[in-house]
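Working notes, beginning with the structure itself.
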Amino acid sequence: MGNRVARDDYEWVYTDQPHTDRRKEILAKYPEIKSLMSPDPRLKWIVCMMVAVQFLAFYLVKDLDWKWVLFWTYAFGSCVNHSMTLAIHEISHNTAFGNTWPLWNRCFAIFANLPIGLPYSASFKRYHLDHHRYLGGDGIDVDIPTEFEGWFFCTRFRKFVWIILQPLFYAVRPLVINPKPISRLEIINLVIQFSFNVGLYYLWGSKPLVYMLAGSLLGMGLHPISGHFIAEHYMFLKGHETYSYYGSLNLLTFNVGYHNEHHDFPSVPGRRLPLVKKIAAEYYDDLPQYTSWVKVLYDFIMDNSLSPYSRVKRKLKGEVKQE
């Protein structure tokens, strides 16, 4: 079972997030980075290809034995679906069609949501932009685990279970921490996704539906790619609240591993974040970084100093403007 973790509260700080000041400093020194803040013309075609691949997979699994359905669900479907969630993350920053076409980006995110099976793209954008503006903000940033998560998941075995159940907690947290009125776009997202799921069932049966939904849940739970959930902001080293990962899984995740760079420049598409690091290397090379998300998961479970409480949190000052 493991010993209880040493932490019994978040890491409270009384300073602003580091990304705002670093962004200003880097742009003053390297104004050419502004030229990277434009849509990625490849993104929409990559997303369309990934959606088509999953549609083909739905067709191919419909006649397989259940053991092979489950095998391909974890071995392939979970990887693609997790990658699709990170495509939606990219689209939430308007990198598909640019800031002048916000509705196009939102509609495209709903399209990208189809093979995931869980209608979340519209809600994700609303909460994710708050995460960037108010990183660690008490009562605002729903990326921060709840008090219950920090209190209960306090042994190695419980942390292991918590990682498996991450999709559940990411779904419930906004309702507990910062509930918002349901928007029209969220209703549209729900209706379109539910209609798609029902149509898929009636067209090809239950196996594609299981492949789709189980792939999403498994891919965001105990899975190598899900290491990014822990790697991005959990405080492995005191005083550091954002960490980058420079391993090969960035190829599947739209470079979400370049997370310091992403929070410094959220308008830069993931494909160009390595250029940000190259241009402003002296700002990133000496920051704590990872080369393995699998090791991040292992260390998080085994290290008795780490828990869901291992997050930097701050009381927000002044006016708070939410999405």
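Glycine is treated like the rest: Cβ placed from N, Cα and C.
The shown structure was predicted, so the numbers you read here are calculated from the model rather than taken from an experiment.
The annotation domain 'Sphingolipid delta4-desaturase N-terminal' is assigned in TrEMBL to 5-43. According to TrEMBL, the feature transmembrane segment maps to 43-61, 68-91, 103-123, 187-204, 210-231.
Taking Cβ pairs closer than 8 Å, the domain 'Sphingolipid delta4-desaturase N-terminal' (5-43) reaches residues 87, 90-91, 94-98, 135-136, 144, 150-151, 154-155, 159, 235, 238, 241-242, 254, 260, 263-265, 267-272, 275-276, 279-280, 283, 304-307, 309-315 in its own chain, all 6 or more past its ends. The listed stretches are 103-123, 187-204, 210-231; of these, 210-231 has the most Cβ pairs under 8 Å to the transmembrane segment (68-91). Mean pLDDT of the predicted structure over the domain 'Sphingolipid delta4-desaturase N-terminal' (5-43): 94.
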